[in-house]
Amino acid sequence: MYKSIETILIDIPTIRAHKLSVATMSTQTLVLVKITTDDGFIGWGEATTIGGLNYGEESPESVKTNVETYFAPLLKSVQGLNIAQTLKVIRKSINGNRFAKCAIQTALLDIQGKRLGVPVSELLGGRLRDALPVLWTLASGDTEKDIAEAQQLIEIKRHNAFKLKIGANKLQQDVDHVIAIKKALGDDISIRVDVNRAWSEIECIKGIQQLQDGGIDLIEQPCAIENTNALARLTQRFDVAIMADEALTGPDSAYRLAKQHGADVFAVKINQSAGLIEACEVAKIAKLAGIDLYGGTMLEGPIGTIASAHAFATFESLAYGTELFGPLLLTQDILKTPLQYENFELKVPTGSGLGIEVDEDKIDQLRRQ
Ligand code: MUC
Ligand code: MG
């Protein structure tokens, strides 16, 4: 069935330093998984982390090692199982490793889509839209540079909503930076912030009050991952929407958060959820609990980004749009035809599988030796 499972690390410089509270990125490492079947199908998957182990508990190197040491032999050992049965074997045999699981599942869905001649979105229940709104993250660390960057992106109709990464500086400095950008860009432009869990609960109360008064639309993961009670209290306290990001690690945590209405919005991510199927389950839990949705990113390259797009295209409502801009932050592409970003949206491919063509020569040039 599965003839080979190859894992490739690629380090690609970013177009500028990308500053988060947990790390400053100047390169992004893509972990590409290529699965080849006996009957000649090839499927691609991808995992990315942010700043090595700064963001989550998997690193590009751990994903590569664990895919090669544990996932690959397991996949080679399953004979005649369908994709659902194969994923069940993986879930049963391997704990954690959500990012590695996502990369493998993406490649299996790519193969299945190609085999059946349908896009991956159709394997996930069917797409409800062919394009997704995409925001841009301003994270140069400099207010004037961020304003100029945003104005240029509005001008060329690439993005009209922006997320600001804060939490690395003193609270008041960060809040003033956000309000200055909001004032410069005006009422028509949606501004959101991502604190990446940097604030204590008391800092959250002080900061969010000012951001709410300043017209900011969304506050992402302001406090610690484990402190879901604080996230729930902030959700009850403020009118501005509070979003869970790092606190969401798949359907189980989504269910626990939803039970206490611990957020107004869920940032759904395929890597954090352990796969596209699980990301769709997170979305379903949110829908049942009356929680809005946002399509998140782990700053994936084109493969993980388009896999996310196939999943998000099936969501009934996507009230806060997506942040599927990962490939645009990178200086090099690994596709033969780049993804299509136009009119503030990303097009979801209509070809079978992921609907993209990977440039293997480019990958060979870029792969880590
Ligand atoms: C995160 O926490 O949302 C997504 C966009 C970005 O700039 O960083 C990521 C991670
Ligand atoms: Mg976030």
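The backbone N, Cα and C atoms fix where each Cβ goes, glycine too.
What TrEMBL lists as active site, proton acceptor is LYS165. Note on LYS165 (active site, proton acceptor): other Cβ atoms within 10 Å of its Cβ, all shown chains, come to 24.
Within 10 Å of the C-beta atom of GLU323 (active site, proton donor) sit 28 other C-beta atoms, taking all shown protein chains into account. The active site, proton donor annotation in TrEMBL covers GLU323.
If you look up TrEMBL, you'll see 144-241 marked as domain 'Mandelate racemase/muconate lactonizing enzyme C-terminal'.
Note: the CA-CA distance between GLU323 (active site, proton donor) and LYS165 (active site, proton acceptor) rounds to 13 Å. The DSSP secondary structure for LYS165 (active site, proton acceptor) is strand.
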